[in-house]
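What TrEMBL records for this protein:
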type     : residues : note
COMPBIAS : 25-36    : compositional bias 'Low complexity'
REGION   : 1-37     : region 'Disordered'
TRANSMEM : 45-63    : transmembrane segment
TRANSMEM : 75-101   : transmembrane segment
TRANSMEM : 126-146  : transmembrane segment
TRANSMEM : 153-172  : transmembrane segment
TRANSMEM : 184-206  : transmembrane segment
TRANSMEM : 227-246  : transmembrane segment
TRANSMEM : 252-271  : transmembrane segment
TRANSMEM : 283-304  : transmembrane segment
TRANSMEM : 316-340  : transmembrane segment
TRANSMEM : 398-420  : transmembrane segment
Ligand code: UD1
Ligand code: MG
């Protein structure tokens, strides 16, 4: 069986047209012999980015706050495992790339169409490496958690089942190219293991200014809470997937949000004396540290110019992981503020997603091969909005600008929480 999704899809038709006819029908075996190995990882860029993202979190958890010795030990062991995961992922991506190319799972870089780089086969779905390494680390880590109680294991493993199911469905999507409407609901199936196993509270704390109107301080939502959890999973996965299409953007937004989640968890653990509350944020750390480490390894290959594409395998995996940590850590409101660019992108996308306005297969900017610059189109995405607002720019500059916007959104969330503390909840 030879998977031909990328080669034959409408998305790559123009790029594929530049290929000789025989290349379109290349067999699995000849792909191996003709395709050169992928470019080496951009280690310098990733090292600088990692330091920028990790230092504030490391400072908070190691020096600023007094964290219980057992908890700190578990976090450090998890960090060590994550570091190992970074190197394993970095080593495995070139290996997996040769396998996916061999099965014709590749794409053409649309934002380079018309240049020699635009006709290079870029291996797809390398998120599968991240997903597998992440799951192995998360499963192994259970052995080293010294703060465990009997309850957390059930939810932790249900969360892993949801992440695993989502990764599988993402990979299925990459291979089969599932239609859009079906794609949108896939995460609701993947969220089922967590929703069914969830035995935590289903209450929400009513914001203080609303208590006089509602007449309650705490409201038990029952099954509606579970519905909300499911919708959160659907939103997080799809919103990452549709804020995409630039080299480094899918993974870049994930590493920025993941770093913000870690800082938020550290602050909550540091400020609280309630062991259950601390535990909830610690679980979030145990899943986000490996997510960040393995994603950074993927980013080293996916950064501009991308030598691999992440695929829907990665976007769904990353979105689901962040959704489950938000759910189990009980900070879904904060998570949604970290997702400000994704919320904006979703709102801009609504007319096209709902079918009210025609939605092409790719809603990407227009690339000019002469200047190497991107121009915004009328498709409703933040990528196009930025190009229309700030003028034409290169793919790399646009990606950096969007990641800075993501980081500003996360900082805004911290400022907002600081201002609202005590008044809102
Ligand atoms: C979503 C978006 C689509 C966007 C695509 C890009 C919606 C409704 N869908 O679709 O508009 O074009 O993501 O990922 O908003 N690609 C690049 N450069 C990159 C990353 C991807 O050219 O940096 C291209 C490659 O041809 C790659 C393909 O996008 O093969 C992957 O697209 P896929 O993830 O399958 O698209 P969707 O998630 O369906
Ligand atoms: Mg995608």
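Quick reminder: no glycine exception, Cβ is built from N, Cα and C everywhere.
Curation plays no part in TrEMBL annotations; they are all automatic predictions.
Between the transmembrane segment (75-101) and the stretches 126-146, 184-206, 227-246, 398-420, Cβ pairs under 8 Å are most numerous for 126-146. The stretch in closest packing with the transmembrane segment (252-271), judged by the count of Cβ pairs under 8 Å and taken from 184-206, 227-246, 398-420, is 398-420. Proximity of the transmembrane segment (184-206) to the transmembrane segment (398-420) is not established, fewer than 3 Cβ-Cβ distances being under 8 Å for residue pairs spaced 6 or more apart.
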